[in-house]
Amino acid sequence: MRDMEFIEWYPRGYGVAFKVKRKILEEQSEYQKIEVYETEGFGKLLAIDGTVQLVTEGEKSYHEPLVHPAMLAHPNPRRVLIIGGGDGGAIREVLKHEEVEEVIMVEIDKKVIEISAKYIGIDGGILEKMLSDKHEKGKLIIGDGVKFIEENSGFDVIIVDSTDPVGPAEMLFSEEFYKNAYRALNDPGIYVTQAGSVYLFTDEFLTAYRKMRKVFDKVYYYSFPVIGYASPWAFLVGVKGSIDFMKVDAEKGKKLGLEYYDPDKHETLFQMPRYIVQML
């Protein structure tokens with residue numbers, strides 16, 4: 001943070017910067033430093049340990065491609081698990097699907113949820129209801145997602161909305177975790193995770209992809225330009241059973257009011273740089 005700027009530095013000296021009007025909040029939780037800023041042109045910025053999690057004017061460019069391709073590829077996603085997602089964006093998108101009967105969100109840091117509900121406000125009131133156990137479909141569990149997935153199962157879709165695949169979130173990209181996720185899925189089932197910057201976390205992306213191929217019946221990769229991130233941002237999908245992730249229910253998708261992800265152009269998600277594809 002310099003005078004009136006927030007800069008996140010990525011590997012190899014690459015940075016993403018926002019001009020900011022003021023710092024709204026800085027708190028150290030049990031797990032991490034949480035900051036909220038008011039930017040000049042992109043609304044509020046949520047940062048964790050110095051990394052941009054979202055800007056409110058543009059966060060849908062991340063949450064829509066994270067959630068809807070998997071939800072629209074699954075024939076009947078009634079029970080959904082979100083690991084992470086404390087800002088509320090992922091669960092907001094999941095609940096746009098009327099067939100969903102239950103969403104369980106496992107977030108290790110309650111402070112992220114409380115701060116997001118109070119200062120970020122992208123969830124439409126969902127987080128407050130979940131914090132008070134009053135949401136009819138959403139259930140909040142404060143705990144370790146790695147442990148939770150070892151002990152629970154019966155999910156149609158599992159969404160991992162974690163920090164980058166380095167440091168504290170590294171266990172969420174381990175082969176053991178993928179095996180537990182596969183077991184926890186119903187058949188058919190879909191697992192999706194964000195996988196970092198295509199260009200700047202290439203090794204981490206490739207490692208995760210290769211581990212997932214050892215576990216899931218089919219593995220897919222795609223990317224999307226995300227406002228506030230070092231784009232394009234990568235996502236990985238693991239399938240259990242016979243789901244063809246190359247096909248989605250575009251007609252249902254048209255009714256969701258999406259702003260970034262276009263189900264009619266689903267095939268465009270899979271355009272990766274040629275040198276990345278050659279390494280897969």
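Count begins at 1; order follows the chain as displayed.
Note: Cβ is positioned from N, Cα and C throughout, glycine not excepted.
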Recorded spermidine site member, picked from H63, H135, H266, that accompanies D87, D161, S162, T163, D164 in Swiss-Prot = H63
Hey, how far is D161 (spermidine binding site) from Q32 (S-methyl-5'-thioadenosine binding site), Cα to Cα, in Å?
-> 16
What is the biggest Cα to Cα gap, in Å, among H63, D87, D161, S162, T163, D164, the residues listed as binding spermidine?
-> 15
Neighbouring CB atoms within 10 angstroms of the CB of Q32 (S-methyl-5'-thioadenosine binding site), all protein chains considered, total 18
